[in-house]
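Student: The structure under discussion is supplied below as structure tokens; questions concerning it will follow.
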Amino acid sequence: MGDHLDFKYNSVNEGDERKGGHGIPKVSMVPLIFLIFYEVSGGPFGIEDSVKAAGPLLAIVGFLVFALIWSIPEALITAEMGTMFPENGGYVVWVSSALGPFWGFQQGWAKWLSGVIDNALYPVLFLDYVKSSVPALGGGFPRTLAVLILTVALTYMNYRGLTIVGWVAVFLGVFSLLPFFVMGVIAIPRIEPSRWLEMDLGSVNWGLYLNTLFWNLNYWDSISTLAGEVENPKRTLPRALSYALVLVVGGYLYPLITCTAAIPVVREQWSDGYFSDIARILGGIWLHSWIQGAAALSNMGNFLTEMSSDSYQLLGMAERGMLPEFFARRSRHGTPLIGILFSAFGVILLSWMSFQEIIAAENYLYCFGMILEFIAFIKLRMTHLNASRPYKIPLGTIGAVLMIIPPALLIVVVMALASFKVMAVSIMAMIVGFVLQPCLVYVEKKRWLRFSISGDLPDLPDSQEAAEDDTVPLAF
């Protein structure tokens with residue numbers, strides 16, 4: 001059965017059409033690259049804490065090693081699974097097809113909650129960058145009002161269409177990266193290579209160090225929840241992921257390498273926003289202002305793309321019958337209106353959390369979701385080895401298992417380093433998901449709300465049947 005299984009996708013996401021089934025233009029290559037860029041990164045804003053935690057050498061090596069053992073495997077899995085299931089459910093569909101609808105829902109719950117928690121950070125960071133120019137935004141009612149206004153304005157932009165969000169991401173990405181290129185060029189004559197080797201293992205803050213690296217190099221799979229909106233995703237998605245990987249990792253390493261060697265490193269000063277201070281030292285007030293403006297606007301790009309991913313994920317879950325049918329309804333712009341409103345409400349509700357609490361909580365929930373993804377990836381490789389995979393990682397089953405061992409160990413470390421408070425809150429959130437899914441099944445059974453599966457989507461394999469009937473030999 002599994003050896004010959006193929007998933008037939010129709011007009012929703014197949015072929016070269018530039019418009020989807022709703023007559024809305026699909027996302028092309030360049031906007032897709034920058035959507036991925038903002039899902040994962042948005043620029044080197046926030047990586048300063050890696051130097052504060054561990055010094056220049058470990059910061060530079062850390063981003064290289066983490067990219068190798070985490071970003072590349074996650075991007076490869078996203079390329080394979082995203083082209084195998086090119087629909088808006090993304091990773092929810094991957095887990096459902098391998099482990100069944102209960103665990104698929106848990107994946108969706110954990111990832112959506114992680115994304116909303118992450119998005120609550122960006123309006124706050126935006127105001128942190130502009131409060132030096134507008135001190136009234138530093139706290140109190142003006143700050144709260146500004147968060148609400150920003151959230152509403154950016155939510156409206158999401159409502160107007162994903163293609164608009166994609167091209168806005170292109171503009172913001174270029175504007176955010178360009179000042180760092182200029183700063184790096186200015187820094188070259190002042191570089192002293194010996195500064196790269198500074199390291200003191202005894203004073204490393206491992207928790208801050210690992211959380212900073214992990215936060216800045218994850219979320220490659222988030223783009224999978226937009227696969228149904230992408231022009232020819234089976235060809236475009238793998239290429240866009242590879243280009244975005246180079247853009248993200250290069251965007252981190254270039255300013256780290258140039259700036260840590262251009263001025264003496266005082267680790268205590270390397271906190272969020274310190275690149276703008278370095279810009280003032282190297283280039284003057286004009287470069288300082290440019291990087292501050294780029295940082296503020298970059299947070300808006302992060303917000304837009306994260307909300308798009310979260311809201312289309314809810315639409316994809318509704319198209320698979322996991323959520324009530326009204327989540328699948330689209331606005332006249334082709335956007336998931338209810339999903340956008342739910343995600344915006346979650347952002348406002350969680351905007352009271354501190355920066356470190358947000359990072360730790362989202363990392364914990366994200367790790368739970370990644371464990372399910374890894375299990376689903378390996379199980380589908382074993383039970384449906386010959387299913388259609390327009391892009392396939394050039395490794396056999398054993399090779400695929402070996403590839404995910406380092407990121408799996410990293411997940412264990414990140415979760416173990418979480419504080420008791422973060423761990424308790426995250427586990428409680430997961431328990432809510434365990435209760436919510438059977439409640440929704442009961443609601444559907446009682447017909448209190450309407451649930452339906454989109455006719456444009458193929459049936460998913462029965463995970464229990466696949467486990468019983470399919471035996472595929474391991475291969476490299």
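Just so it is clear, glycine is given a Cβ too, placed from its N, Cα and C backbone atoms.
Values in this document were obtained by computation on a predicted structure and should not be read as measured data.
According to TrEMBL, the protein carries these features:
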type	residues	note
TRANSMEM	27-47	transmembrane segment
TRANSMEM	53-77	transmembrane segment
TRANSMEM	89-106	transmembrane segment
TRANSMEM	141-159	transmembrane segment
TRANSMEM	165-189	transmembrane segment
TRANSMEM	201-220	transmembrane segment
TRANSMEM	240-266	transmembrane segment
TRANSMEM	337-355	transmembrane segment
TRANSMEM	361-381	transmembrane segment
TRANSMEM	393-417	transmembrane segment
TRANSMEM	423-443	transmembrane segment
Student: Among 27-47, 89-106, 201-220, 240-266, 423-443, point out the range having the most Cβ pairs under 8 angstroms from the transmembrane segment (53-77).
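Tutor: Comparing 27-47, 89-106, 201-220, 240-266, 423-443 against the transmembrane segment (53-77), the winner is 201-220.
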Student: Can you tell me which parts of the same chain pack against the transmembrane segment (201-220), counting only residues 6+ beyond its ends and a CB-CB cutoff under 8 A?
Tutor: 36, 39-41, 46-47, 49-50, 52-55, 58, 62-63, 66-67, 70-71, 74-75, 78, 118, 241, 245, 248-249, 252, 359-360, 362-363, 366, 410, 413-414, 417
Student: Are there residues at least six beyond either end of the transmembrane segment (423-443) with Cβ under 8 Å to its Cβ atoms? List them, or say none.
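Tutor: That would be 101-102, 105-106, 109-110, 113, 322-324, 361, 364-365, 368, 415, 449, 451.
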Student: Considering only Cβ pairs under 8 Å, which range in 27-47, 89-106, 141-159, 393-417 makes the most contacts with the transmembrane segment (361-381)?
Tutor: 89-106
Student: Under 8 Å, at least 3 Cβ pairs, sequence separation 6 or more: does that hold for the transmembrane segment (240-266) versus the transmembrane segment (141-159)?
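Tutor: Touching, no - the transmembrane segment (240-266) and the transmembrane segment (141-159) miss the threshold of 3 or more Cβ pairs under 8 Å.
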